[in-house]
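What follows is one structure encoded as C-alpha cells, with my remarks underneath.
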Number of protein chains: 4
Amino acid sequence: MPTDAERACFEAGIKFGSLYHQFAGTPVSPDSAESLGRAMEAAIENQPHCVDVDVAVRTDRIAAELDAQSADYTELTGRFMDVGMRIERAGVTVRTRMEMDGDYPTMQLVDVEPDGSNG
Amino acid sequence: MPTDAERACFEAGIKFGSLYHQFAGTPVSPDSAESLGRAMEAAIENQPHCVDVDVAVRTDRIAAELDAQSADYTELTGRFMDVGMRIERAGVTVRTRMEMDGDYPTMQLVDVEPDGSNG
Amino acid sequence: MPTDAERACFEAGIKFGSLYHQFAGTPVSPDSAESLGRAMEAAIENQPHCVDVDVAVRTDRIAAELDAQSADYTELTGRFMDVGMRIERAGVTVRTRMEMDGDYPTMQLVDVEPDGSNG
Amino acid sequence: MPTDAERACFEAGIKFGSLYHQFAGTPVSPDSAESLGRAMEAAIENQPHCVDVDVAVRTDRIAAELDAQSADYTELTGRFMDVGMRIERAGVTVRTRMEMDGDYPTMQLVDVEPDGSNG
C-alpha cells in the first residue's frame, strides 16, 4: 500500500501537471500577465488537497522575448513562470517548485513533512 | 481574393476557437470564476485585431452543477460562460457572441460592419 | 529529503495531470476516439520517467452521451477515458489508474514498488 | 446580416483557433509526431462544417530544436506544424492554411468559393 506521504506527493504532481498543461499556450503579454497568474492560482486551488498556489508570471522574460520577435505577445511556457505550491493530505504537507534546469523547466519536490514535524 | 469583411470574420472565428479550447477544462468554482473570466479576456485581447472580449462566467449555472455532484468544483465548458467579442480589421468591425442552442454552445456572428456604416 | 519512492509518485502525478488537462475539451466522437487515445499515449510517454501509458477512450459512454444531445460529437472529459500508467524513477516503479468515484474521475496510486521487490 | 461567405469564414476561423489552442503545449518528439497529427485532424473534423483537416507535424524542425536543447522532446507550437483546412457551409467552400510569417505562425484565408464557382 502506498504511504500517506507517497499519496501526498502524487497529489502534488497532479496539480503541477494540471497547471502547466491547462495554461501552456495561452497568449500572454506583460499587460495580461498579472491576471493570468491570479487565474492560474485560483483555478488549481480548487483541486483537492491543494492549499496554496503561487504563480509569478515573469514579465521580464516575456518582455525580452518580445524584443526579439515581431508579434507583441507570446505563448505561455515554462520559462515564463515561477510556480510554488503547497499540498496537504492526511497530515502530510508537500511543497513543490518549478524552476529552470538550463533550458528545461523542471518541477521539483522541495520537501515532504508529516504533520507535527519540524520539517 | 477574400474580401476585407471575410477576412475580419475569419479573424473573429480564430479568437473564439482560441478562447474556448485554451480554457475549456479549467477547474472552476463560484469563487474562482471572476479571476478566470478576467484572465480569458486579457489573454485573447492580446491577439491581433481583437479589440474587446467580454466573458461572464455563469456562477449560477456552476452552483447548480455543484449541487448535483460530489466535488466542489467543475470544469469550464460552454454552458458556464457567456462570451461576446469585437474584432476590427481593415475598417471592418465584427461582433460575435456565444450562446446555447439547446444543449450545445454555439458561436454566432452578430454583425459585420464596414467602417463608417450605420450598422 | 524526499525519498526515491516519493519522487517517483510526484512524477506519476505530473504525468496524470498533464494528460488530463492537455486533452480535456478535445472534440471527440466514436470515430475519432481511437486516434485520440493513441496520440495521448505517445505524447505523455515522451515525458521523463514515463514508461507506459494506456488510454482507452470509452466509445460506449460517448455514444450514450451523443444519444442524449443534439450535436454528433462531445468534449473529452474524465468519464470518457480509462487511463493507466507506469512510471519508473531511480529503481522505483509506480502504477496509477484513473477511475470514476461516483460522478468524479479520480486518479489513483495503484502501487509503488522498489526495484527488485515482489510488489 | 452576415453573408453566407462571411459565416463560412467565421466557421473556418473557429476551427483554426480550436486546433491551435487545444493542442499547443502537447509534448511532442519525432516519434510521436505522426500520431499527434492524425488525432488533431480527426478531432477537428468532428466540428460542424469542417470537411477536411490536414496536419503535417514538422519532424525536421522538431529534430533541429532537440539538437539545440537538453530534453528529448519539446512542446507543440505553431512552427512545428503545417496545417490546411477545408470548410463548407451553405454552399460556400473556404480553404485556409497556417504558415510562418517570419517567426510568427499566421493563419490565412486561402480562398472563399461560392458553390458552383470555378474558384
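Heads up, the Cβ atoms here are built off N, Cα and C, so glycines get one too.
Automatic, uncurated: that is what TrEMBL annotation is.
Copied from TrEMBL, the annotated features are:
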- D:Glu11, D:Met107: substrate binding site (BINDING)
- D:3-109: domain 'Dihydroneopterin aldolase MtpD C-terminal' (DOMAIN)
Message = Check the DSSP secondary structure of D:Glu11 (substrate binding site), expressed as helix, strand or coil.
response = helix
Request  = Can you check which residues sit near D:Met107 (substrate binding site), meaning Cβ under 8 Å from its Cβ, same chain, 6 or more apart in sequence, and list them in order?
outcome  = D:Gly13, D:Phe16, D:Gly17, D:Tyr20, D:Thr96, D:Arg97, D:Met98
Message = Just to be sure I understand, if DSSP states are collapsed into helix, strand and coil, how many residues of the domain 'Dihydroneopterin aldolase MtpD C-terminal' (D:3-109) fall in each?
response = 45 helix, 37 strand, 25 coil
Message = Among all protein chains shown, how many Cβ atoms are found within 10 Å of the Cβ of D:Glu11 (substrate binding site), not counting that one?
response = 25
